[in-house]
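Undergrad: Straight out of Swiss-Prot:
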type	residues	note
DOMAIN	1-390	domain 'UvrD-like helicase ATP-binding'
BINDING	Gly8, Arg9, Ala10, Gly11, Ser12, Gly13, Lys14, Ser15	ATP binding site
DOMAIN	281-587	domain 'UvrD-like helicase C-terminal'
BINDING	Cys805, Cys1129, Cys1132, Cys1138	[4Fe-4S] cluster binding site
Amino acid sequence: MSLRFVIGRAGSGKSTLCLHEVQEELKQRPRGETILYLVPEQMTFQTQQALIGSEDVRGSIRAQVFSFSRLAWKVLQEVGGASRLHIDEAGVHMLLRKIVESRKDGLSVFQKAAEQNGFFEHLGSMIAEFKRYNVTPSNVYEMWQQLDAHSSSAEQKLLANKVYDLQLLYDDFERALIGKYLDSEDYLQLLVEKLPQSEYVKGAEIYIDGFHSFSPQELEIVRQLMICGARVTITLTIDEKTLAQPVNELDLFYETTLTYEKIKQVAREEKIEIEKTIPLMEQPRFHSPALAHLEKHYEARPNEKFHGEASVTIRTAANLRAEVEGVAREIRRLVADEDYRYRDIAVLLRNGESYYDVMRTLFTDYNIPHFIDEKRPMSHHPLVECIRSALEIISGNWRYDAVFRCVKTELLYPLDVRKETMREEMDEFENYCLAYGVQGKRWTSEDPWMYRRYRSLDDTNGMITDSEREMEEKINRLRDVVRTPVIRMQKRLKRAGTVMQMCEAVYLFLEELDVPKKLEALRIRAEESGDFLFATDHEQVWEEVMSLLDTFVEMLGEEKMSLSMFTDVMSTGLEALQFANIPPSLDQVLIANIDRSRLSNVKATFVIGVNEGVIPAAPMDEGMLSDEERDVLSAAGIELAPTTRQTLLEEQFVMYQMVTRATEKLYISCPLADEEGKTLLASSFIKKIKRMFPDVKDTFITNDVNDLSRSEQILYVATPEVTLSYVMQQLQTWKRYGFEGNLDFWWDVYNFYVTSDEWKQKSSRVLSSLFYRNRAQKLSTAVSRDLYGDKIKGSVSRMELFNRCAYAHFAQHGLSLRERDIFKLDAPDIGELFHAALKRIADRLLRENRTWADLSIKECEHLSTVVIEEIAPLLQRQILLSSNRHFYLKQKLQQIIFRTSIILREHAKSSGFVPVDLEVPFGMGGTGSLPPMEFSLPNGVKMEVVGRIDRVDKAEDENGTFLRIIDYKSSSKALDLTEVYYGLALQMLTYLDVVTSNAHTWMKKGHAASPAGVLYFHIHNPIVEVKGDASEAEIEKEILKKFKMKGLVLGDADVVRLMDNKLSTGSSDIISAGLKKDGSFSARSSIASEQEFNVLQKYVHHTFENIGKDITEGVIDIAPYKKGNKAACTFCNFKSVCQFDESLEDNQFRTLKDMKDSEAMEKIREEVGGE
């Protein structure tokens, strides 16, 4: 029994010496004693390759490469102890979830924390850490007693409570495992116990290579290996000079020096012979003087400078994507120009979550074979999502999001269905569920679902059309596709008495859905498309899910569990599932994490993402215990994993390892912005490298090739997939600026795409964008007639929409596009309710031959309640009756109608105007409808403007009959003559024109009427600020002012007094007008003469004719208006259709100048030739 150390700096040949010794031994004595070669898990594959890579050693039974966990498995198979069931990480998390749920009421700190994402991952890691550091539940309990007895501050009490919770959960976890199960850490503890019994290890020659430190548990394994083996050789990265000096925590080799001392101490305790240490002083790894210099002087202070041509490259990239593309281009260049193999190259990084997806995509596009040494979670695979969402459906009362997450996995689809068709049908089905607010009991009820197109609150026709019946049948068929398998599982889960039966219910759910066959079809499809990674994913996920169910049954099969706990435990297990890495092929670029990688024999290393806070890592508290808490436990005798401070001290060694992996070339790069465009800073580590290599120039990597030289641009010509975007970029620049520059070879590349049989069609769509203009072509007369017909019948809102943006009009009224209906109460629904409520009250008053002025406050309240109760079942598929929240909203809406009724009562008392009718139709046909506003357009097309007027009021005096329009609005609005001029606000003046033009036939007395004005009435329940001692009457007066109607009224004092008979001088509280003492109008009055009203009405006719002409002649310009801070695009539903983009030359707003009313009126006169 002996111990031997092989030490040396990085690249000194420690591993090479050991491998050569083993290979020589195998050549000399192929059947001798066992040779064990122990390495970290991530080194096993490459070490195995290196061991049998010699021409004289093509295979071996005598020498085997192991990690500690693989050695444990080997020994336990030999001597026994492997009969207990192994539970993986997913099983550990599931067991911990069950333990926490059963212990929840007794936990002090973790009761609420258990609901946070990642809690069980942290808890599992904490327990694994306890085991690695030989900390038992009794140790933790004793620590709690000690802390509890001396806790005085809040921080100390928190730590004591946290340790108490950990002790409870750790103890329960160990009790659940004992005699039945083994987790990954238990294997190592069993290895310690079983090694003395192993004949396989006894007398073996043992090499331990690639480690820098050992946990206490691993140190015990090393102890037993020294006792059982013939000789143990351990390699450590240490400079021999370091061993001759006192241990200093700031030393580069501090961690490995401590490891060296700990192992020597173990050897002394076991009286193991310590052979003479073998120090390696040369640097055989490095073929580059610059890299040798970097390794030799890495920790020197001040930095030793290297002058001359260096094989170190420093690169700064515009963004993360540019950085990765720069790496990909350089890899291709090394392979093409310098005879590198892909396996000679490695990419090292730390923040993989930011890089891996980008690297997979770009390396595939660049045709670079690669292997990412990182396990991927299975959580996004359709099978995992299907199980998780199906259980959420059942436990969460069939919520919309859970149902359609399950649907979108496509595993509920029948096996033989055409997926494209089913997807379209399910999209329609989802639209139905959103529109009707389907959830909860409606899914499980046997009552068929109804489908009716919503028309209006006044539509009481109960007849169903053929198309509605057809849609209803489809919806109920699709409902059964979705709900039938889930309901079957729901019934089985409710009948289940044990966890085993619940797991069986999940299994039967998957079997009845033919999931194995569906996954096999997905695997075949992935293989046919060349995506072998995803093909293996579909195989792995079924095996892992079945293993998870088996583990669940093995651990908790006979226990009873509530459905909610079963769902939580199962979800926790599913979240922990990971895809196993496929072993790398013989020729791939290795992409690995800096902290976990153990590279050897790579010629070139790319270290990417070298940003501040990443390399070196910023201090960060993670896990269950903070640094301060770990220090307290350490002081009390419980050794755990290093604190953040200790980790930061070790960071220099990590970076040293990082830059000493390559033999020939080192590339260091960082992006200046992340994927979202946020600024990133270069690491101080890059500054250090620059000080060591002052002649190395920092190269900037960009995806914009315009500023690059011709030789640099040529490097951007890689695979057809990635080069296409650069061709586009260059030719777009040429098109926009006419710059020739280096375009000669880019035209050659362009010619490749347009002449290649393979790429001609693939590239045509992309290249056609060179000539793309986001300009809508005018419709032909034939197409216009097909879309709109020979007679246009449209509302005023439609005409205004055309003037806001002709393309939006085309999308809505030509193509009939609309957003999908969602079961929610929007502003238009509330507006419709307000109109209907006020009309019902007004109709009741007319039937009773009463006016608003006749109502009492109590009657206002009663009537508002009655009409809201009548309307609620009719509005938006009974949305106001669908939930407590909507019921509360219904009450608030009733209060608004109540308040509005009171104001209308006050207005009526103060006004000589009385309502003639409400919701007055024109051009709608039927009894009581006024005729439309008709136009014969120059191209022969007839156009009718139709609509419905909220309210028409009438007043009479010795000067005749006056009519005014009142429009109810749920938001504050005024009439802007600038908007009238631009055709954006035509509604009120159109209504006034319709009623005054038809007054002689419409009014009972049969004589003409004059325009009195147009006014907006804001329906709301305002809050007013008053002094503390204000009376109720004063409060009501302030509220009344909030309802002042804005608009435009006839500039006639008598007519204005008819609107507010309390007005003598000053401003009216009812309308936006006021009188001076001399009888003239105040400056802030919104008034117009009768002649001006006539001019405005002519202008409205003129505008409609122009709109009609443009519509029928096919104008669909993408030309939205912009006026001040208002723009047509702000609330437009069709932005994704027109793709309006101000950066394009063709896409610019029609900027409308804001004007004073007087200026707008003057321009209107000019247009119609008014006086």
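Here the Cβ of each residue, glycine as well, is placed from N, Cα and C on the backbone.
These figures come from a predicted structure and were not determined experimentally.
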Undergrad: Other than Cys805, Cys1129, Cys1132, Cys1138, which residues of the same chain sit close to [4Fe-4S] cluster? List them in sequence order, counting a residue when its Cβ is within 8 Å of the Cβ centroid of the site.
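TA: Checked against the 8 Å cutoff, the neighbours are Arg804, Tyr807, Ala808, Ile1118, Pro1120, Ala1128, Phe1134, Lys1135, Phe1140.
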Undergrad: Taking every protein chain shown into account, which of the binding-site residues Ala10, Cys805 has the largest tally of Cβ atoms within 10 Å of its Cβ?
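TA: It comes out as Cys805.
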Undergrad: What number of additional C-beta atoms lies within 10 angstroms of the C-beta atom of Gly13 (ATP binding site)?
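TA: A 10 Å sphere around the Cβ of Gly13 (ATP binding site) contains 18 other Cβ atoms.
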Undergrad: When neighbour density is defined as the number of other C-beta atoms within 10 angstroms of a residue's C-beta, which of the binding-site residues Cys1129, Cys1132 has the lowest density?
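TA: Comparing Cβ neighbours within 10 Å for the binding-site residues Cys1129, Cys1132, Cys1129 has the fewest.
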Undergrad: Please report the DSSP secondary structure of Ala10 (ATP binding site), reduced to three states.
TA: coil
Undergrad: When a 10 Å sphere is centred on the Cβ of Gly11 (ATP binding site), how many other Cβ atoms does it contain?
TA: 23
Undergrad: Rounded to a whole number, how many Å is the Cα of Ser12 (ATP binding site) away from the Cα of Cys1138 ([4Fe-4S] cluster binding site)?
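TA: A Cα-Cα distance of 65 Å.
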Undergrad: Could you state the whole-number distance in Å separating the C-alpha atoms of Gly13 (ATP binding site) and Cys1138 ([4Fe-4S] cluster binding site)?
TA: 65
Undergrad: Measuring CA to CA, name the entry from the binding-site residues Gly8, Gly11, Lys14 that ends up nearest Cys1129 ([4Fe-4S] cluster binding site).
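TA: Considering only the listed binding-site residues, the nearest one is Gly11.
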Undergrad: Gly8 (ATP binding site): which of the binding-site residues Cys805, Cys1132, Cys1138 is the nearest Cα neighbour?
TA: Cys1138
Undergrad: Whose Cβ lies within 8 Å of the mean position of the Cβ atoms of Gly8, Arg9, Ala10, Gly11, Ser12, Gly13, Lys14, Ser15, the ATP site, other than those residues?
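TA: Once Gly8, Arg9, Ala10, Gly11, Ser12, Gly13, Lys14, Ser15 are set aside, the remaining close residues are Thr237, Leu280, Gln283, Arg285.
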Undergrad: May I ask which of the binding-site residues Cys805, Cys1132, Cys1138 is closest to Ala10 (ATP binding site) if we compare their C-alpha atoms?
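TA: Answer for the nearest of the binding-site residues: Cys1138.
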Undergrad: Applying a 10 Å Cβ distance cut-off over all chains shown, what neighbour count does Ser12 (ATP binding site) have?
TA: 23
Undergrad: Calculate the distance in Å between the alpha carbons (Cα) of Lys14 (ATP binding site) and Cys805 ([4Fe-4S] cluster binding site), and round it to a whole number.
TA: 75
Undergrad: Between Arg9 (ATP binding site) and Cys805 ([4Fe-4S] cluster binding site), find the distance joining the two CA atoms and give it rounded to the nearest Å.
TA: 72
Undergrad: Below 8 Å Cβ to Cβ and six or more residues apart, same chain only. Which residues does that give for Ser15 (ATP binding site)?
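TA: Those within reach of Ser15 (ATP binding site), by Cβ under 8 Å and sequence separation of 6 or more, are Thr47, Ala50, Asp209, Gly210, Thr235, Ser600.
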Undergrad: Provide the number of Cβ atoms within 10 Å of the Cβ of Lys14 (ATP binding site), excluding the reference atom itself.
TA: 24
Undergrad: Would you mind listing, in sequence order, the residues at least six apart from Cys1138 ([4Fe-4S] cluster binding site) in the same chain with a Cβ closer than 8 Å to its Cβ?
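TA: Listed in sequence order: Asn774, Ala776, Cys805, Tyr807, Ala808, Ala811, Ile1118.
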Undergrad: Distance check, please: Cα of Gly11 (ATP binding site) against Cα of Cys1132 ([4Fe-4S] cluster binding site), rounded to an integer number of angstrom.
TA: 64
